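Here is the structure we will look at, set down as C-alpha cells.
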C-alpha cells in the first residue's frame, strides 16, 4: 500500500517532521522496552608484585587502587579544595614484629636451682618470661660474682627465689641503669616482668643499651678487648737413659721375636 503525502499532514513521506517548538521531544517508553539496568560501582583492583611478602603485623605498602582510572566522583567534588594534612600525623610508627611465643605455656620443671623462675617452682605453668628471669640472674652474676638467691642448699635456694626480695650488695659500684635493668628482669610476677609484653624490644629500648646500633651490632667493637695470653706447656721430664737401654738389651728367647720399643 502506498503512502500519500498531504500538505496538512505532520509526516513527510513517512518520516516524522521536526516539532515546532525548540525543546527536544520527550521519548515515550514502549511497554516492550526493558527497564534500565542499575549502574554498578567500578571495581577496585590491587596491583601487587609476586615477590611481595606481607606478614600479618605489617601494613601492605605496595598495593594501591588506580582511583584515577575508575573514579565515581563528580567534577564538583574533584574541584573542591582538599584540607591540608597535619604534619604531625603524616609519620606513622613502624610496625613491630614480635616472634616470641609469649602466650605459650609449659609445665616442665627443669633447670639449675639458682636460675629457676618463681612460676616454675610454684608449678603454675610458665611461658617465655622465664627466659628473661634467667637473663636477669645472669647479669647479676656477671656484676657481683654470685647469684642473688643462692642458699645453703637446693631447697633453701628455691625458698629464697620465691619469698626473698632482691638485694644488691654495696660493692662493687654498679650504674643505676644496670640495677634498673636487673630489677625489671627479676620481678617475681611474670605479667609485670620486663619484656613480658613485647619481648626483646623492651630490652633493646632500655636506657642500659643507649648508644647501641642493634642493626650493626656485629660490626661494632666490644668496649673491652682482653689481651691474648699465651699458655706455656709444662716441661716434659726427659726419658731416663736407663729405661731405654734396658729396653734395647731385651732379647727374645725360644720362639719369641725381638722388638725395638719406641
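Glycine is no exception: its Cβ is also placed from the backbone N, Cα and C atoms.
Given the ranges 48-71, 72-95, the record in TrEMBL names 72-95 as region 'Disordered'. Range 1-40 is the one annotated as region 'Disordered', of 1-40, 121-160 (source: TrEMBL).
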